[in-house]
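Please read the structure below before turning to the comments.
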Amino acid sequence: MNIDVVQLLDQNPILLIFVVLAIGLAIGKIRFGNLQLGNSIGVLITSLIMGHLGFSFNAEALTIGFMLFIYCVGIEAGPNFFGIFFRDGKHYFILSMTVLVAAVSLTYGLSHYFGLDFGLSAGMMAGALTATPVLVGAQDALNSGLATIPRNMDFSLVLENLSVGYAMAYLIGLISMIMFAKLLPKLQKQNLSDSAQQIAQERGLGNSSQRKVYLPIIRAYRVGPELIDWTDGKNLRELGIYRQTGCYIERIRRNGILAHPDGDAILQEGDEIALVGFPDSHARLDPSFRNGKEVFDRNLLDLRIVEEEIVVKSDAIAGKRLSDLNLSEFGCFLNRVVRAQIEMPMDLDIVLAKGDVLQVSGEKSRVHGLAEKIGFISIHSQMADLLAFCSFFILGIMFGLVTMTFGQVSFSLGNAVGLLLSGITLGFLRANHPTFGYVPQGALNMVKDLGLMFFMVGIGLSAGGKMFEHLTQVGPQVIGLAFIVSVVPVVIAYLVGAYILKMNRALLFGAIIGARTCAPAMDVVNEYAKSTIPALGYAGTYAIANILMTLAGTILIILS
């Protein structure tokens, strides 16, 4: 049986798409030392080569890809978007705007000075900033008519310029950002480890950010004379058992009767108490608790320890510090804090925002009591609320179609902005109403990534025909300009953050990387800081940066 692969791919466009995806994703896993190409650039390079070899596909059919991608970006940003001005939020907003304004200004000025073709500058900026939303915003402005294509060009040629510019600049942007993360602290003689420790000391973090996470365990002890002497007649509230031992007294058996103690309870000789705490806390208990006094009573030990993810929802909690929760009052143990899918240091001074996820363990009723106070327990269902997902998608498209008129000028926001706004709204509502609009994070990631990959395949196959012509004509020039656009805004943002905003350097480097939406560079900064504290800064800028980058692509292509 003979199979003509070329003919097979020509006649089966769906097969072509997934062949390009499979090859591109495999290429994206290639590493050069610590540098990985990544899925986006792998798929784009593959689709450009396939397009150059003569394979084609109707790019219009793949616009659903960028629509899904930008919609999911909005959903992820929604819970934290409106909390951007909490505590350091203004600093993060200023840094994101600094990178954006500097990049757009530089790209606009350099592209006009060197006479870059229409569309090439937007693609170059998207690659130099490793920010795919720039590319999405630019193409949507073309599709919606916000940007006017020059008379001597057509849509397909502009699309070629966008994709080739992105492909040529992306690696420059990625490498330069990683080098920035490695070299600038040394050039400035900054010790990121010291900066991280400084924040830890100022905010009461200590070493908790690096501790391993365990489930608490239950052990029971009989109260003897030594323990009575230790309590000195004080009640449980006065004793502060948790402060001294790291364990909570969950139950007391007295005269055969089981009870849940309150703060006024006073221990008596012969009581049997059930303590809940981490294994190391039990090991550190005073000998008056442990020596020969452990008991094994099934009824006393019959407690259900659970670990739940609690989503912050309460207006009374959002904007307050983690320490204000007083977890010791609830008998709960905090294991992790996650914001925008980024694990945060266990900083007692971190300001909580709606949508933050606290991984908490403890006795079931206590954990549920805490959840009622601060928000809700995250749904562990594998079912998505597709009705809400689709409805808000429709609203986003409809909003993007609305035409506004100012005098003689009429314009619409376009699909990208409309879907961003509807996605942010859905994400925000999801953070406040646990049963509404739920989409499992894994499903959301898959839709977002697959949408982005479809988008890359579409523009790559459409643009690949003249790829090598572009490389020979403007390749060196675009690469040089991409380096400038990648590095200069970052340096400006560093100067603003360090000398005007006077930010801690560990937070500043994390924030700049978030403003550049360059996740690979975060590993470098965390390694240099010997801490996850820079993630505080990264999470602060990442959500707003994704939104601003989309708008930047729209603005730049209109100005061009």
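Cβ from N, Cα, C; glycine included.
Note that the structure is a prediction, hence the values are computed from the model and not measured.
Listed in Swiss-Prot for this protein:
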type	residues	note
DOMAIN	205-292	domain 'RCK C-terminal 1'
DOMAIN	293-376	domain 'RCK C-terminal 2'
TRANSMEM	8-28	transmembrane segment
TRANSMEM	37-57	transmembrane segment
TRANSMEM	66-86	transmembrane segment
TRANSMEM	91-111	transmembrane segment
TRANSMEM	164-184	transmembrane segment
TRANSMEM	386-406	transmembrane segment
TRANSMEM	409-429	transmembrane segment
TRANSMEM	443-463	transmembrane segment
TRANSMEM	478-498	transmembrane segment
TRANSMEM	506-526	transmembrane segment
TRANSMEM	539-559	transmembrane segment
Point to revise | Confidence summary for the domain 'RCK C-terminal 2' (293-376), mean pLDDT rounded | key: 81
Point to revise | Recorded stretch that, among 91-111, 386-406, 443-463, 539-559, has the most CB pairs under 8 Å to the transmembrane segment (478-498) | key: 91-111
Point to revise | Stretch in 37-57, 164-184, 539-559 most in contact with the transmembrane segment (91-111), if contact is a CB pair under 8 A | key: 539-559
Check your understanding: At least three Cβ pairs under 8 Å linking the transmembrane segment (8-28) and the transmembrane segment (386-406), pairs spaced 6 or more in sequence?
Key -> no
Practice item. May I ask for the residues of the chain that lie six or more residues beyond the transmembrane segment (443-463) and have a Cβ under 8 Å from a Cβ within it? Key: 16-17, 20-21, 24-25, 39-40, 43-48, 50-51, 55-57, 59, 61-69, 71-73, 75-76, 132, 135-136, 139, 156, 159-164, 167, 384
Check your understanding: Going along the chain, which residues at least six beyond the ends of the transmembrane segment (539-559) come within the CB cut-off of under 8 Å?
Key -> 70, 73-74, 76-77, 80-81, 84, 88-89, 91-93, 95-97, 99-100, 103-104, 107-108, 119, 121-122, 125-126, 129, 131, 133-142, 146-147, 339-340, 342, 344, 414, 416-417, 420, 424, 507, 510-512, 514-517
Check your understanding: For the transmembrane segment (386-406), what are the same-chain contacts with Cβ under 8 Å, counting residues 6+ beyond its ends?
Key -> 67, 71, 74, 144, 412-423, 425-426, 436-437, 439
Review point. Which residue counts does DSSP yield for the domain 'RCK C-terminal 2' (293-376) in the helix, strand and coil classes, in that order?
Key: 23 helix, 32 strand, 29 coil
Point to revise | Residues in the domain 'RCK C-terminal 1' (205-292) grouped by DSSP into helix, strand and remaining coil | key: 28 helix, 23 strand, 37 coil
